[in-house]
Each structure stands twice: as structure tokens, then as C-alpha cells.
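Copied from Swiss-Prot, the annotated features are:
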- Glu139: active site (ACT_SITE)
- Cys96, His138, His142: Fe cation binding site (BINDING)
Amino acid sequence: MAVLDIVTYPNKVLKQISKPVERFDKDLHKLLDDMYETMIKNNGVGLAAIQVAVPIRALLIDIGDEEGKQSKDTLIEVINPEFLTWDGTQKDTEGCLSVPDYFDEVERYKNVKVKFFDRFGKEHVMEAEGLLSVAFQHETDHLDGHLFVERLDYIKRKKFEKEWKKLLKQKRKK
């Protein structure tokens with residue numbers, strides 16, 4: 001397994017709409033394994049393929065067990081996700097490996113039902129609530145070319161853009 005480079009905002013790659021996965025083969029398995037290594041190394045709870053510059057509809061979610069411990073047992077590999085139902089709303093603080101060091105409150109659906117395939121092409125339907133629901137929505141947004149900061153209201157979005165420019169300037173000085 002390899003740790004892959006994560007594409008960061010404002011790279012235009014993140015705006016691409018990902019294509020459906022058609023082949024469930026060893027190349028897909030290697031990508032998923034490398035994505036898992038990358039996500040864990042970067043302390044993430046989710047990672048979409050587009051975040052490692054691969055524009056396919058594949059993502060990982062691992063919110064951990066009851067104690068927050070992540071492992072292959074708590075990993076959900078999601079290929080070609082499709083939301084079947086959604087209801088309620090909740091606000092939670094989100095962050096993103098593609099927008100490092102920035103966190104803000106985003107409103108999402110509280111409950112979702114998602115149809116997807118695993119690495120072997122087996123179909124699954126899962127109901128998710130709370131953090132898992134947020135993770136499904138956040139990662140699927142990536143597949144559609146959207147970042148969580150686009151869901152911020154106008155004032156928060158302007159604040160983000162100002163803070164982001166400041167962070168970039170600080171990083172360039174180092």
C-alpha cells in the first residue's frame with residue numbers, strides 16, 4: 001500500500017464530476033487500499049477518489065467504533081453511491097483533508113439511506129444517521145465536484161475565503 005498525495009483547495013481537480021466505476025478489478029482494489037492508507041495517515045474519517053486525483057465514484061468512510069478507533073472492520077468502501085431517501089436536518093462541524101486546518105458548521109440531512117456497491121461489485125443498502133450520515137453526504141459531494149465550504153452561508157463563505165488566503169500566505173513564507 002502507498003500513501004497518496006491529497007489534492008487541496010483551490011485545485012480545479014476537486015471541481016470535476018467523477019465517473020461511475022465500471023470495473024471491479026485489482027486496480028480498483030489497489031486504489032481503495034492506497035486510499036485507506038492515505039486516509040488513516042492523514043487522520044481522516046472519509047476520502048473520495050477525486051481527492052487523490054482519480055475521478056471515479058469511489059469513496060471510503062471510517063468513523064470508527066464506539067470508542068472512535070478506526071480499523072478495516074469499521075471501514076465502509078462505497079462505490080457508485082446513490083441516495084434513496086433523506087430526512088431531517090442537523091448542523092455539525094466539518095473539516096476536510098482537501099481543505100486542511102479549516103473547520104466550520106454545515107447543515108446536512110440527519111438521516112439518509114444509500115445504495116452502493118463494495119469493491120467486489122456486491123450491492124448494499126445502508127441507513128445512516130448522525131456522523132455516518134454526514135460522512136456519506138460530505139464524501140459524495142466530492143464525487144459531484146463540491147466541497148463542504150460551498151455549503152456555508154454567504155458571510156461564512158467570505159470569512160473562509162479571507163482566512164484561507166491568509167493561511168496560504170503564511171505557508172508560502174515558511
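Note that the numbers count up from 1, one per residue, in the order the chain is shown.
Note that Cβ sites are derived from N, Cα and C of the backbone, with glycine treated the same way.
Summarising the environment of His142 (Fe cation binding site), the number of other Cβ atoms within 10 Å of its Cβ, over all protein chains shown, is 25. Taking the centre of the Cβ atoms of Cys96, His138, His142 as the Fe cation site, the nearby residues of that chain (Cβ within 8 Å, site residues left out) are Gly46, Ala48, Gln51, Glu94, Leu97, Ser98, Glu139, Asp141, Leu147, Phe148.
Note: the residue listed as 'active site' has non-local neighbours Gly46, Leu47, Ala48, Leu59, Leu60, Ile61, Val78, i.e. same-chain residues 6+ apart with C-beta under 8 A of its own C-beta. Within 10 Å of the C-beta atom of His138 (Fe cation binding site) sit 24 other C-beta atoms, taking all shown protein chains into account. Applying an 8 A CB threshold to same-chain residues 6+ apart, the list for Cys96 (Fe cation binding site) reads Tyr102, His138, Leu147, Phe148, Val149.
Under the three-state DSSP scheme, Cys96 (Fe cation binding site) falls in the strand class.
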